[in-house]
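Participant: According to Swiss-Prot:
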type     : residues                                                                                           : note
REGION   : 1-227                                                                                              : region 'Pyrophosphorylase'
BINDING  : 8-11, Lys22, Gln73, 78-79, 100-102, Gly137, Glu152, Asn167, Asn225, Arg332, Lys350, Tyr365, Asn376 : UDP-N-acetyl-alpha-D-glucosamine binding site
BINDING  : Asp102, Asn225                                                                                     : Mg(2+) binding site
REGION   : 228-248                                                                                            : region 'Linker'
REGION   : 249-455                                                                                            : region 'N-acetyltransferase'
ACT_SITE : His362                                                                                             : active site, proton acceptor
BINDING  : Ala379, Asn385, Tyr386, Ser404, Ala422, Arg439                                                     : acetyl-CoA binding site
Amino acid sequence: MGLSVIILAAGQGKRMASSTPKILHPLGGIPLLERVVNTARLLNPHTIQVVYGNGGSHVREKLNYLPVHWIEQSQPLGTGHAVLQAIPFCQNEDRVLILYGDVPLISPKTLNSLLENTPSNGLGVVVAELPDPTGLGRIIRDDFGNILSIVEHKDAAEHQLKIREINTGIMTTTAMNLKKWLPQLNNNNCQKEYYLTDTVALAVAEGCPVGCVAAQCCEEVQGVNDRWELTKLERYYQRLMAKKLSLAGVTIIDPERFDARGENIEIAPDVVIDVNVILEGNVQLDRNVRIGPNVILKNTTVGENTEIHANSVIEAAVIKANCSVGPFARLRPGSVLEEGAKVGNFVEMKKTTLGRGSKANHLTYLGDTIIGKNVNVGAGTITCNYDGANKWQTKIEDGAFIGSNVALVAPLTVGKNATIGAGSTLSQDAPPDQLTVARERQRTIKGWHRPTKKE
């Protein structure tokens, strides 16, 4: 018996008040639907089917990298109708697991428990008990605690509305059972929809075993219906991430002001992360790294004993051990800092390597530049790498000293141990071991007076 996962993702999401389909909104930097697919993949199913509707081709276009089979529900006729679109693609002997594209934090542990505790020919659901179950389907049990049916909120009688045990929507049974039960569904209800939950009563009527497992917490089965629910779930997720990192030896100064947006975030023990730090995509921080307040790191690796000072923005960079960056530095894609390099305040780098022990401390732009070891780049240095049509490279060899307010018009090379005088504009190579100055000689104009204002 193989496992086939069906993810229902056709909801219109009107309460999101957005032109973006609900399932494409991110939680922790990853679209809701992608999070559910990633969880499903951990169960090793032989197929994952996504039933989509609202957003149509836009959803497929944005998430076309996901290893799923896409099935369109052309009319929003309910969850039962949605599963009916996918079930023909399942083999009769398959165990089918039904998930929801807007329930992003369901855990593999809960799903494995559901699969393991549901009889091979039976039906199992994930339930939860909520203090306020408004709007959710209620679990109806007999006097012995056996599940009899699931009643949607809008169809529930007054005494049933007092029940706090709810249906999360997550369900498993065999494909053969679903192929038998789904055609029997009707839409005689307040919403005129075909409810998947009505299969529970059909199973009970047949004598099919119906069981359940309880969710570990309310948040893992929380659906996203509007932006406020998404915001609350986002903060819950970020607290989980902060707790996980803290227990692994990372100091998070304030978990309420920390954001991890991506699945591949690896942080070694003894790292300190100050407030309002955002980690996006693939981020690796080695031991004893210190991240100052208001820092953004995206797809970046930082070596041990390095400090990133406040208000720095770093994307797709490699920063090796014992470096210092910022405050107010910007490292753009392709930036590499070799061991012991230093980038100071208001320095911007792109496609540039700053060699071992080299430093650019103040007010500098370095683009398409290769800088060797132990180079000093003075304040106000600019590499002029763009001629209006093409980018050109600048090379600064080991030991060079670049004075303040220097413009290096690429392509050119500054030789080993060369010194460039302050205020120079270079458009040709500077030879090694020599002083190169390219500026007009200073003059004093005698007898000159400032103009005076006309009365």
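Placement of Cβ uses the backbone N, Cα and C atoms for every residue, glycine included.
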Participant: In Å, how long is the longest CA to CA span across Ala379, Asn385, Tyr386, Ser404, Ala422, Arg439, which the record gives as the acetyl-CoA binders?
Facilitator: 22
Participant: Restricting to the same chain and to sequence separations of six or more, state which residues have a Cβ under 8 Å from that of Asn385 (acetyl-CoA binding site).
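Facilitator: Residues satisfying the criterion: Gly367, Asp368, Thr369, Lys391, Trp392, Gln393, Thr394, Ala410.
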Participant: Secondary structure at Asn376 (UDP-N-acetyl-alpha-D-glucosamine binding site) (DSSP, helix/strand/coil)?
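Facilitator: DSSP call for Asn376 (UDP-N-acetyl-alpha-D-glucosamine binding site): strand.
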Participant: Please give me the recorded positions out of Asp102, His362, Ala379, Ser404, Ala422, Arg439 that lie within 10 Å of Leu8 (UDP-N-acetyl-alpha-D-glucosamine binding site), comparing Cα atoms only.
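Facilitator: If one measures from the Cα of Leu8 (UDP-N-acetyl-alpha-D-glucosamine binding site), the recorded positions that come within 10 Å are Asp102.
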Participant: Using Cα coordinates, what distance in whole Å links Arg439 (acetyl-CoA binding site) and Gly78 (UDP-N-acetyl-alpha-D-glucosamine binding site)?
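Facilitator: With the alpha carbons as reference points, the distance is 76 Å.
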Participant: Give me the Cα-Cα distance between Gly11 (UDP-N-acetyl-alpha-D-glucosamine binding site) and Ala422 (acetyl-CoA binding site), rounded to a whole Å.
Facilitator: 64
Participant: Check the Cα-Cα distances from Gly101 (UDP-N-acetyl-alpha-D-glucosamine binding site) to the recorded positions Asn225, His362, Ala379, Tyr386, Ala422 and tell me which is shortest.
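Facilitator: Sorting the recorded positions by distance from Gly101 (UDP-N-acetyl-alpha-D-glucosamine binding site), the top entry is Asn225.
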Participant: Could you check which of the binding-site residues (Gly78, Asp102, Asn225) sits closest to Tyr386 (acetyl-CoA binding site), going Cα to Cα?
Facilitator: Asp102
Participant: Roughly how many Å lie between the Cα atoms of Asn225 (Mg(2+) binding site) and Gly78 (UDP-N-acetyl-alpha-D-glucosamine binding site), rounded to a whole value?
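Facilitator: About 16 Å separates the two Cα atoms.
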Participant: If you average pLDDT over the region 'Linker' (228-248), what do you get?
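Facilitator: Average per-residue pLDDT within the region 'Linker' (228-248): 97.
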Participant: For the binding-site residues listed here (Leu8, Ala379, Ala422), tell me which residue's CB has the most neighbouring CB atoms inside 10 Å.
Facilitator: Leu8
Participant: Cα distance, the residue listed as 'active site, proton acceptor' to Arg332 (UDP-N-acetyl-alpha-D-glucosamine binding site), nearest Å?
Facilitator: 17
